[in-house]
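*Asks:* Can you read through this structure? Questions will come right after.
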Amino acid sequence: MSYKTNHSESSDFGPDITHHWDKLYNYEQLSISKGPIVFWVILVYFATIILQTLSVPMLIPSLMFTGIIGIHVTLYWFSKAFLTKRPWLYFVVQGFLILACAYLMPDGYQPVLIGLFPVLIGQSIGVYFNTFKVIFVCLFIFLLVYGALTYHIQSKELGDLLLFLSLFLLYTIITIAYATLFFKQVRARIRMQSFLQELELTHQKVEELTLVNERQRMARDLHDTLAQGLAGLIMQLEAVDAHLSNRNITRAQEIIIQSMSQARKTLSDARGAIDDLRSKSHSKTDFKEILQEKINRFTNATGIQVASDIRIYVPLADLIMEHSVYLVSEGLTNIARHAQARNAWIDVISNNDCIHIRIKDDGTGFNTEDIGKKPGHYGLLGMIERTRLINGTFNVSSGPEGTCFDIKIHHMKGDSL
């Protein structure tokens with residue numbers, strides 16, 4: 001009977017989270033750009049004050065200009081609070097604040113228009129993910145710039161007006177290109193951070209699943225040792241009690257001797273299971289020695305002769321070695337409990353492609369169609385489950401001439417033999 005245990009699993013991080021990222025970008029990427037922009041606004045402020053002072057010093061307008069710039073910087077620094085509800089209102093207020101600054105500085109308005117309005121356009125690129133909204137912000141700002149220029153530049157200076165508009169347009173294009181590149185890099189950084197966070201959550205989930213699998217493994221090992229052994233002892237003690245009640249002391253003594261032997265066997269199996277649980281990694285001990293020790297212990301306990309052929313040509317992963325040791329151990333236990341065999345053969349051969357485990361005996365055999373249908377065969381079911389966990393194939397054939405377990409595992413390479 002063949003048990004195909006190959007399986008594949010896929011994993012993803014859930015549904016599309018682009019909308020969630022967009023909201024995250026709106027605030028995170030603007031926070032990253034706060035420092036450089038505030039520094040730039042300060043430079044524009046001093047440039048405007050210097051130009052105006054060199055031309056015509058104006059104390060009151062300069063103080064008002066300073067106050068408005070302070071409000072502008074404050075709104076920008078706490079922009080997250082405003083952008084969460086009405087981002088359009090934020091851009092309208094900031095636009096009119098910049099326009100007021102330009103009106104207050106008749107001889108120093110150029111740095112204000114060229115230095116602050118393009119920055120506001122660049123900020124809109126970081127806030128909106130809609131091209132039409134960004135275009136609308138650009139049109140609104142161009143109207144404000146045009147209004148400021150027509151106020152400061154007389155009609156006879158139309159050439160100066162066109163020249164300034166051309167320079168403003170060029171500078172705005174450069175700012176938009178830079179802002180687009182900058183925010184793309186910021187988005188990539190935030191996306192990477194988001195992936196790292198989800199990867200950390202996935203890693204924690206894997207650790208939790210590992211603990212669950214370890215508990216299941218302990219349950220299998222304890223079932224195959226203590227549970228079955230103690231169940232047998234209970235039935236034997238019940239039989240002893242029945243014979244003692246009937247004054248059949250001789251038969252009761254025979255069963256007690258059998259129970260003592262069974263208790264020693266259960267204790268030995270339990271110690272073996274504890275040793276397996278303690279040895280989390282077989283890589284520190286030679287894999288061949290571990291298997292040979294299992295075989296020698298089996299022969300000494302049962303008297304069944306075992307011919308072994310163990311050839312390991314490539315390093316094996318710890319997980320593969322751990323499950324392989326269990327499969328061999330459980331196969332030997334199955335022979336001792338059920339096969340009534342005189343001889344057994346163990347082959348463990350590893351090459352570049354897979355590890356091949358073959359466990360054979362000359363016992364009485366059993367009906368393989370009963371596996372999973374009738375009570376019993378829990379150790380065999382555990383072997384099948386183990387093979388499935390490491391993506392292997394499990395085949396069992398049984399008849400009057402004996403039983404053969406044939407296991408193939410496409411192994412992962414480890415660090416050492």
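Cβ atoms are placed via backbone N, Cα and C, with glycine included.
According to TrEMBL, the protein has these features:
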{"type": "TRANSMEM", "residues": "37-54", "note": "transmembrane segment"}
{"type": "TRANSMEM", "residues": "60-79", "note": "transmembrane segment"}
{"type": "TRANSMEM", "residues": "88-106", "note": "transmembrane segment"}
{"type": "TRANSMEM", "residues": "134-155", "note": "transmembrane segment"}
{"type": "TRANSMEM", "residues": "161-183", "note": "transmembrane segment"}
{"type": "DOMAIN", "residues": "327-409", "note": "domain 'Histidine kinase/HSP90-like ATPase'"}
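Are these features on the surface or tucked inside, and what touches them?
*Replies:* For the transmembrane segment (37-54), the residues of the chain that approach it from at least six positions outside its boundaries are 61-62, 65-66, 69, 72-73, 76-77, 101, 105-112, 115-116, 119, 123, judged by C-beta separation under 8 angstroms.
Sequence-distant contacts of the transmembrane segment (60-79) (same chain, six or more residues past either end, CB-CB distance under 8 Å): 30, 34, 37-38, 41, 45, 48-49, 52-53, 90, 93-94, 97-98, 100-101, 104-105, 116, 123.
Nonlocal intrachain contacts for the transmembrane segment (134-155), taken as residues 6+ away from its ends with a CB within less than 8 angstroms of a stretch CB, comprise 91-92, 95-96, 98-99, 102-103, 106, 109, 113, 117, 120-121, 124-125, 128, 161, 164-165, 168, 172.
Over the domain 'Histidine kinase/HSP90-like ATPase' (327-409) the predicted model carries a mean pLDDT of 85.
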